[in-house]
Amino acid sequence: DQDAGINGDISYQFSEAVSQRDSAFEIDLKTGEIKLTKPLDFEAAQTHELSVRARDGGGLSAICKVLVEVLDVNDNAPELVVSSFSSPLPENSAPGTVVGLFTVRDRDAGANGKVSCALEDQLFFSLRPAYKNYYELVTVSALDREETAQHILTVTAADAGSPPLTTTQTFTVDISDVNDNAPVFNQTSYTMYVRENNVPTVLVGAVSAADADVGLNAKVTYSLLPAQAAERPSCSCLSVNSENGQVFVLRALDYEQLRQSEVVVSASDAGSPALRANVTVRLVVLDENDNAPLVLYPAQDSSPASSELVPVSAEAGYLVSKVVAVDADSGQNSWLSYHLLRATDPGLFAVGAQSGEVRLRRPVTERDTVKQKLVVLVRDNGRPPLSATAALSALLLKDFSDVRQPHSSPATEDEEAGSLTTYLIISLVFVSLLFLVSTAAFIARRLCKRKELKAGHVLYGADNLQSGLADAAAAGTLPHAYCYEISLTTGSGNSEFKFLKPIVPSLPPQPCALGGGTSEEQGFPCVPVPTEDVTPDNAGTLSAEHFN
């Protein structure tokens, strides 16, 4: 609008006639943009005519018409309508027999509406155009009920759109039957597996046979055929269910005695005459780790085993012996490994984990024991693993001519070791008893002496002794005055005297004698005087044997 101000402001709206209808369009009052309010359908309306009015602020307006053309898109799949269909068909129907009649259509236009039909399986049937969009489903070859009892035909109708839309229609055609077909197994042979030591009557698998016939002609029963006389007898441990073909093992099997067995299973129908088919079933027994390794060398029987001779000059890596063992199991259950379990000197020998070879780990020294005993552990690789032990001995000799000493068997050596242990125990008990008796005698002796001393009349005391010596010195019987200190214990076996320095060292020493009566009369103990000279130089502790 060329006007200015309000007169130049323009607003847009649909005309009254358009707005009264249920329109799929809306217009923006300010910008005049026309937008959809809901999806358009080409099949419902291919064009839409809109009347738009533009009005300014002064009340002037103008009208224009907008024509909207709807473009078709491929949004409709083809439709397939069956007019007639015949089933079942007898197997003696001639080629060209019409089985079904149907028509196809598409609501889209142009290339989107062009429809083509196709049949997936054209071995026995095919499609034949009839009139315009009509098609016929016809047979192209003779039908055989024994080959195919039921034909499932899939017809696909597709348009020419991008991307194309398709519709499928399935036709199931049943064929009439006569009993001219034998049962057929779903496999040419069966292999079933069972672990040894199985539970009796365990299910190991099933055989299955199908008969192309129907009714009684298709009812299949299963049975075991007896073995031919020329063949080796089959295992009597298998049984087959006559109804469903399940195969059972009737008893526990041992892999080491029976590793596999074959039987013949027969499937027969109930027609007249009955037709049958046979199949071979092979039963394979799987190994379990139920056998421990068996040591072949060195022999582990009760007979004395010979000792391996090893020169003391042998270097590290010297082959001493080889443990040979076998396992009755198979697979990894029979894989054996060797380990040094015990040895007199474990650091002297090494055992090959896979070979079982016993070799020197280091050179022989003089400190090594001449007779070496080894115990090798042989273990399989089963789960759980089983093991056995092999005991062997080796003699370390400077010269092989030294082999003169008798080799005792392990049992004899064990008996000798047991006897030595018994002697040691007896000796230990005897020494213990002797010690206890000696201790008891010593304690009893001490107790008896103590009682004798307590019961005696001789009393030893420092005060009585010093007073007695003083009186004797005053009487002139002792030319020198000495001070004697006696230290005694009640239970002492001998008396000890400690002589101190003389009080008057200027007097010459003279023999001392006690007079004036006996000790009992004078009231103090008699102190013996040493027969040898006592000087300050030799004064000390003297035992009783120095005195008369």
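Backbone N, Cα and C define each Cβ position, glycine as well.
TrEMBL annotations: computationally assigned, not manually curated.
The domain 'Cadherin' annotation in TrEMBL covers 1-80, 81-185, 186-295, 310-412. Among the features that TrEMBL reports, transmembrane segment is placed at 423-444.
Helix, strand and coil residue tallies for the domain 'Cadherin' (1-80), in that order: 8 helix, 32 strand, 40 coil [DSSP]. Secondary structure counts, DSSP: the domain 'Cadherin' (186-295) has 4 helix, 48 strand, 58 coil. Across the domain 'Cadherin' (81-185), the DSSP tally of helix, strand and coil residues reads 4 helix, 52 strand, 49 coil.
Note on the domain 'Cadherin' (81-185): its mean pLDDT in the predicted model is 87.
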